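To start, the structure under review is shown below, and the notes come after it.
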Amino acid sequence: MRRLVIILLAACALLALPHGLSFSQQEILVFLTINILLVSSYRLLTLTGEWSLAHVVIMGVGAYASALYSKELGVWVPVSILLGGATAALLAVLLSFPLFRMKGFYFLIGSFAAGEIIRLLWKRFRDPFGGPKGIKGIEPMPDFSIGIYDFDFFEPVSYYYLSALVVAVCLWVLWRIERSPVGLTFHAVHWQDKLAEASGVNLRAYRTLAFAIASGFAGIGGGLMAHYVGTINPNSFDVDLMVYVLTWAIVGGTGTFYGPILGCVVLTVLNEIVLRELGFEQMRPLIYGLIMILSILFLPKGLESIVQHLTTRGRGKGVEEQRAAE
Amino acid sequence: MLELLAQTGLNAVYAASYISLIAVGLVLIFGVMGVINFAHGELYMAGAYTVVLMYTDFQVPFFLAVAMGLIFVGCLGLAMERALFRPLRDNPLGGLVASIGFLMILQAVAAMGFGVRMEHIAPVTQAVIEFSERVRLPVARLYVIIAAVVLLSALWIFLKKTRFGWALRAAAQDPEAAALQGISIKQTARIAMFIGAGLAGIAGALTAPLVSVNPHMGHSVIITAFIVIIVGGVGSLEGAVVASVAYAIIHTFMTTFYDGVIADIVGLSLMLLVLIVKPTGLFGSADRA
Amino acid sequence: MTQFLEVDTLTMRFGGLTAVDGLSLKVRHGEIHGLIGPNGAGKTTTFNMISGFYKPTSGEVRLRGEVISGLRMHEVARRGVVRTFQHSTLFAEMTVLENALVGTHMAFRPNIFAAIAGWDREDRRGAEARAREALEFFGLHHLAGELAGELSHGHQRALGLAVAYASHPDVMLLDEPFTGMNPEETRGMMGLMRKLREDGITILIVEHDMQAIMGLCDTITCMSFGKFLAEGGPAEIRNHPAVIEAYLGGARHVA
């Protein structure tokens, strides 16, 4: 009962949220919502202990695929976004053959190379990817009405509601996976892969599974983005954005489900709203870089460790999560 | 046709020179510190901006400006070692993230100090060595080639013949055993960072008049350097030099006779192939990952 | 009649070095079988080939007539041959119960779609019941909520066995289970192994220390320099001149 009340209150807060913001802040809110999906899906991959540098490019695969399906084949936009996610997941399965011959540092570099190759292919092939200029005039989400509210998807508020719903469903699925025996097996693969293998776990299959799921949700995020912005090009998915994802995950902490989300929200608000409002336009990357360095030096377990510290004082429940973090 | 081949060959030699300066520094840092310095491209950028500031704005003689670039960027390396890599010694992912943070700071400082536009630097020398009408080598490029040959030979002698060099190699191979032998890890880390960063700095300083200097110039350089150190074998200085030459030849010829993007794709695919077949690289044996 | 677990002229070469040279042995169902030998005899290499960690250069390992050598480790495990590791290889960051739950992986294969939809309640209950049963078997049930990395040494070893036991194995391969144990822990461990045998599980133990397993094994195979040396009951092996010679000779080499 208490849980239901909390969920309802949170839903109301999320519904009311955009109305207190300026237009540009509402736009940022849409991107923030999509980025939460991006960083949460990234965490699923890190559960198996692998850190990829191709996640943002794979999000781009979803974006390109969804844009092309709707534009060239006339697929209905909501379906094409899902198909974009499926395409990204499928590509991840293909990429897993070369990439999972590597581990750790080599996987990191290998995934980076694979991502850059994909980006260069978009750049090189004008047909169908549009070359360096990318794809323009992507089909927008069709407007519709649910009686009490008319969805007009040129309005950021409407798109925020839609993407918040989609992202909430995706997060719920990710959370279910993590809390299931599958999630436990991901942890097992991370901490002691030989023992997991001796217990009958097919390591390659589970690594591929995590990679494919993470990529699928990143692809859905890419689709959501493409149909909102209306134009994508190879530079929309470059290393800079990947660096941001990495930073959100590490500053927030990857020990808990909410850690990366926390990192994404806190840093985005800090970067886009506080620093912008204070007039530090040019200095933003500098301050951002400084925050990265300071947090890795002085808060190596991420923002989540502060939250855990606060919650363990009141209740004993946090102990479990703290363990999961270590 | 023969002339085109000769000219492309000369271009490849020039490319190999500055790539190997950068890659050798990256390998040295990785070998001794065990950390991938993502900010290495920005150290190269810092070297280029030193020349912009000193040579263009303050009218310091070019070679003095280049030497200042080497020392300034070397000191940046020392600062990174002290502030970032030493406290994060046991946290490789942390070192990587910290170096990314440092990269953003350097880029922002360059953009704030000089603006995001490209800097034009008055040519140091207009002299060109003409082998024939269509085979030409600008002397400014020759400087880079000479610098690479001299500096890398000097580094090689330093590593093989001096006690410092011996300590450095020992620390790169097995830090714990080296520490037991009385080698100061801090000392070797400082030397490696200074040399590694300094090499990137001098590469940037010397090429500043030849390329477009801008705050984001480090990006393409770091990708090339990654390809080279992976193909050459992580931790192998000789491998990095050989791979630089091989990469420069393949890339230059692909660009001249086909197109630049395809050349990039081929380079990255080569690296992926090496990672699949022999992750330690063609010349590598040490596995520090 | 086909043998239960049969090692047939197994050979392993690393470059020019022959670590195991044409070794053959048969493990009978329901027995505790010891594989002993001085340091460098090739015991661990043999163990690794049976468990699927190495692929043999030549020769075969057969389980009930089916060739299992050359399969990957998880495929060997799925055929009922489950190994443990030297030292305390555990999921140190997970709880004792979670460790045992990983052991139930084969019996209750997770299905991702069922997990999302919540159709796997019965499987989860079954897996937890089996995991708790395995912990109880090894006297660890009161520690279910503890972190595996914080257990005492003896408990960690027992948990290693419990993880393997949770998967309903037919054969358990134990890699030097007594290393680093005091006499009391050793006695406790031997008791657990007898209990496993009573439960119908066949056990193959690789052990350097001959004395530790004399009182435990039904059959002992001794190897030296990669080759078969002798086989028989504990009394037979204890008095076998070649075995004594190998151990003394080995000791001389070590000294």
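Heads up, the Cβ atoms here are built off N, Cα and C, so glycines get one too.
Annotated in TrEMBL:
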- A:28-45: transmembrane segment (TRANSMEM)
- A:52-69: transmembrane segment (TRANSMEM)
- A:75-97: transmembrane segment (TRANSMEM)
- A:104-122: transmembrane segment (TRANSMEM)
- A:159-177: transmembrane segment (TRANSMEM)
- A:209-229: transmembrane segment (TRANSMEM)
- A:241-274: transmembrane segment (TRANSMEM)
- A:286-303: transmembrane segment (TRANSMEM)
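If you look at the transmembrane segment (A:52-69) against the transmembrane segment (A:159-177), you find fewer than three C-beta pairs under 8 angstroms, all six or more positions apart, and that falls short of contact. Of the Cβ pairs linking the transmembrane segment (A:209-229) with the transmembrane segment (A:241-274) and spaced 6 or more residues apart, fewer than 3 are under 8 Å, so the two regions do not touch.
Tallying C-beta pairs under 8 angstroms between the transmembrane segment (A:241-274) and each of A:75-97, A:159-177, A:286-303 places A:286-303 first. Counting same-chain residues at least six beyond the ends of the transmembrane segment (A:286-303), those with a Cβ under 8 angstroms from any Cβ of the stretch are 247, 250-255, 259, 262-263, 266-267, 270-271, 275, 280, 325.
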